[in-house]
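Okay, structure first, notes after.
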Amino acid sequence: MISWWGALIGLALAIFLILRKLDPVYSLLLGAIVGAIIGGAGLEGTINILVKGEQSVMGTVLRVLAAGMLAGVMMDSGAAETLARTIVNKFGDRLAIFALALATMAITAVGVFIPVAVLIVAPIALEVGRNMHISKLSLLVALSGGGKAGNIISPNANTIAAAKGFGLELSQVMIADFIPAVIALIVTVVVARMIRKKGRAVLEQDLEDSTTTIKQSDLPTFKQAIVAPVIAIVLLLLGPIGTICHLPLLAKVNLDATYVLPFAAIIGALAMGKGEKIKSYAQTGVSRMTGVVMILIGAGAIGATITASTFPELLIDLIKASHVPGALLAPLSGILMAGATASTSTGVILATGSFAKSILGFGVAPLAAAAMVHTGAIVIDQLPQGNYFHVTANAMHMDIKERSQGIFYEFLVGGSAMLTATILYGFLHLL
């Protein structure tokens, strides 16, 4: 058994190195090794702990790679852009902010990474903002808030990590996060409308510098674009729907994301008449997921170091002694880990790997814990040390100071989802 202080030093070292811009994978591995050795595991024991940690994340790695296939198809085929433009055109100028937030939510919810979702919708948003005299800050909040809402109900890396971190199915977490996601969307629209005149206006130069990634003539139709996400969502939800509707045969259906997501991606590509590009889409998906997979390996190591120590038991005793509700550890761990790394997926991976045992030790239901950790991870994942901050700044043609003004409003959006999940599942025990 590793001492609690050794594991804590290892975790603190890993976070410090990440903040100092050392590669996150090496930061996590180095933190795990240092924590285990000074915690008393010895050289051989440290290797055994690391290997055990890597074995624990392999299931998540498989599902993350599978999610990459769907993401690659949605991004490179133009399906995501078609979905965004259709939603914005459908609602018109009067509901422009709602339409932009919903569009970003929708394409994030079908598996597109949130930075990519913002990049896709940004040219449309700037065009709308120029016509409707909506400030760039308001547009940023609409896009980022919508993306956060979609991020917690998406079959992507962070949702997979939240599910597998607590031994759940992906569809269970997607369903549990739906109400918090809707609340986040509502708060996004309200906040963005309140600040629609705050900050710099969209200039003609911003429109000239904004280009979409795919020619309009090459974009699929809306019906073609929704084939892949609809198939994925329907197949993933067959079991839960059967349980809710009391259909025994359907309830027994348990299709794993490892099979469902690539299958949906391939059928979607064929429906768009782009079957010959499946290989290219797969390469895009793998390249996008490689970084997440590597972080999973590092997180598995640091997570194993912490769970092999006395830290989880000590944490439970401290929280009980302070009379603080144990359920709060779930959202707080998500907030702190995602804030430290400025990444939703890395935050969820670290929080589940390091604190799952402690959270469940308070009697919190696994699904409630997953929902609270997951929603907690979108509260401050937009901080400047992460790439999301800078990608969104470039997409909206904002400097660092102007982009920083959006952090508080994005915090309100993420916080609303986290509070909703914590109240519903942590205190009212609705799961």
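Backbone N, Cα and C atoms are what each Cβ position is placed from, and that goes for glycine too.
Unlike curated records, TrEMBL annotations are generated automatically.
Since the structure is predicted, the reported quantities are computational estimates derived from the model, not experimental observations.
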Self-check item: Range annotated as transmembrane segment - as stated in TrEMBL, picked from 53-69, 257-273
Solution: 257-273
Quiz item: Where, among 95-122, 173-195, 257-273, 407-428, do we find the most CB pairs under 8 A to the transmembrane segment (328-352)?
Solution: 407-428
Quiz item: Under a Cβ pair cut-off of under 8 Å, which of the recorded stretches 30-50, 95-122, 173-195, 285-308, 359-380 contacts the transmembrane segment (225-251) most often?
Solution: 95-122
Self-check item: Highest-contact recorded stretch vs the transmembrane segment (359-380), from 95-122, 173-195, 257-273, CB pairs under 8 Å
Solution: 173-195
Quiz item: Per the 3+ Cβ pairs under 8 Å rule, pairs at least 6 apart in sequence, do the transmembrane segment (30-50) and the transmembrane segment (257-273) touch?
Solution: no
